[in-house]
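Chemist: Grabbed the feature section from TrEMBL, which reads as follows:
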type     : residues : note
TRANSMEM : 17-34    : transmembrane segment
TRANSMEM : 54-83    : transmembrane segment
DOMAIN   : 62-179   : domain 'ABC3 transporter permease C-terminal'
TRANSMEM : 104-128  : transmembrane segment
TRANSMEM : 148-170  : transmembrane segment
TRANSMEM : 201-219  : transmembrane segment
TRANSMEM : 225-256  : transmembrane segment
TRANSMEM : 285-306  : transmembrane segment
TRANSMEM : 476-504  : transmembrane segment
TRANSMEM : 544-565  : transmembrane segment
TRANSMEM : 577-599  : transmembrane segment
Amino acid sequence: MTWKLALINVKKRWQDYLVLMMGLIISVSIFYMFQTLSLNVKFLEEVIPTISMVAFIFQLGAVLLGIITVVYIFYANSFLLSMRKKEYGMYMMLGAKKKKIKQMMTIETLFIGFLSMVVGIMLGVVFSTIMSQVLLNQLRVSSNQYNAFSFSAVVVTFIFFLILFVLTAITNASKFSKTKLLDLLHEDQQSEKHRPNKLKTISLTIVSVILIMIGYFSLWHVKELALAGLVIALFTITFGTFLFFAALLPAVISAFKNNEKFSRKGIRIFTLSQLSFKSSSLSKVLGMVTMLLALSLGAITVGDAFNNYKEALIKQAPYDAVIFNPDEAVSKEMAKLEGKEERLYHIKQNNEEFYFLYDELREQPITMNNQTGFTLKAKPFTEFNEGDSFSTNNGTEFSIMSAFGQIMNPYTSYLNAPVYHVVSQSEFDQAQGESGVIHVLMVDDFEGQLDIFERIDTLEMARFDLEDAETSNSKFALYSMISMMVSGFMFMGAFLGIAFLAMLASSLMFKILSGAYQDIGRYDMLRKIGVGKKKLLASIYKEILVVFAVPGILGTIHVLFGLKMFELLMPEPYSHIWLPFVIFAAIYLLYYFITVKLYQNIVLKSEKNQ
């Protein structure tokens, strides 16, 4: 009987549970996707040499997602419990025991959790398939090793979320046990009145602003403060945000409400009263939503910024290909390159001593990179004379050694202590060692001719008996590694952003819709005294707009300051931020209109029935 009643309750409240499940399903699916991508060891070994890096990226994403999901599930279930308290009280009035009601609550929670896990894992399989194909395309490889359905990933996902749902069920049962029958019956009649104490409001507001400003300052000077700056910002901005809403939001709403010139126009007094009635509990939710929004928008923006940074990373290799004594097959591929500049350097090698012709280096100076932070300045190296020798043993600068290293054969092992001699033609002829010609290639469009460079790389690796790209120092190998890393961060950021956005939107929906049933009578009363539907709809739009806009604005400011810390990882984290901001705003706006529609269908349903 308890099972049947629990399932009937789920069916009756399916709209409310659907809002909860929407966030859960997205969370489960993306968590599963991260797990299956990181646990497909054979796939990663085949297509990505630096397996530990990509596995770490997706496991990091899973950990971040898991932490936020814990907070979301407990918040969402607390909303559901508050919506059902009166119903549970009625059951007790009819003779039901608390033990049976707790069993019913547990069944409902676990049923919703199980359904969310099943649908989420199925959706996760789809996400994983799409993600793997995109990664393969980004890395320009093919593989039959990938399996979108991973039993290990299913087990990890199932265990993690099962523990969460069991803990949630225990928490809800504990809260219910401590609630008195009268409180259950009158849950929907309890006002959230806010009687502001001016001194307390001013004090808390000042403290919250100071905390947020300290956090912003720490982020803005994160280069000097390093890890300490991140820790300071994490705590000060989080606590400052919650204090800001707790102190200021109810006070501001009350101030507008008490301003007769403003509040007496139309039915503004009703809209403000609605917000005032819910302001205390709204402030708690909006603090969490603001932080979720900052995480969501930040994850998407940073992921996109990493993608834009790929080009800057690749430019650190000044030459598109360096080939030592090309054979016939490689020469044919080289001939296919368009818009290329080719330089030839004659060289002699005796162990780790290399001889270059002075005249060739004068006519075709090698490129020296001077790097300050992320700023890379390339210039020709001309500060040498005939007879000079360069090595780490005689104090040669790293940038000069690196410049010579850039034109060494990228398909041979790294040199421990190379010595580079710049000599005349006669000295070159007398020098002992293996002679060769280095072909240095530069093209106008490297990425547009990747197919050719890939074939050259494959031929050279086979010629010099290299097992995988990890041991190669070619630009194509660098490009492949960077593409893998950037793609991992970009997609992790995008999917984390989607998950956080789904959870924050669900949290807002819960808070708004959980009070909708109590608002039916108020809207019905306004309709009966002659307030038109147009004005009622306008009031709904304005009330919900405030709830969406306030965390949206503050969360965006958090992101703008938060991006500053990524200057440690990339040169221009603020470049191209308009695109993720616009996409995020469009999705956020869509959630707003969906919430308005759902709320409208609840509070104005009596009008439809007449």
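Cβ atoms are placed via backbone N, Cα and C, with glycine included.
Keep in mind that TrEMBL annotations are predicted by a computer and have not been checked by a curator.
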Chemist: Between 148-170, 201-219, 577-599, who has the most Cβ pairs under 8 Å to the transmembrane segment (104-128)?
Modeler: 148-170
Chemist: Tally Cβ pairs under 8 Å between the transmembrane segment (285-306) and each listed stretch (17-34, 201-219, 476-504, 577-599), then give the stretch with the top tally.
Modeler: 476-504
Chemist: With DSSP as the yardstick, break the domain 'ABC3 transporter permease C-terminal' (62-179) down into helix, strand and coil residue counts.
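Modeler: Helix, strand and coil residues of the domain 'ABC3 transporter permease C-terminal' (62-179) number 101 helix, 0 strand, 17 coil.
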Chemist: Taking the transmembrane segment (17-34) as reference, which of 201-219, 225-256, 476-504, 544-565 has the most Cβ pairs under 8 angstroms?
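Modeler: The stretch I would name here is 476-504.
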Chemist: Checking distant contacts: for the transmembrane segment (225-256), what same-chain residues at least six beyond its ends satisfy Cβ-Cβ under 8 A?
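Modeler: Long-range Cβ neighbours of the transmembrane segment (225-256): 194, 196, 200-201, 204-205, 207-212, 214-216, 218-219, 262-263, 272, 275-276, 279-280, 282-284, 286-288, 290-291, 550, 554, 558, 562, 565.
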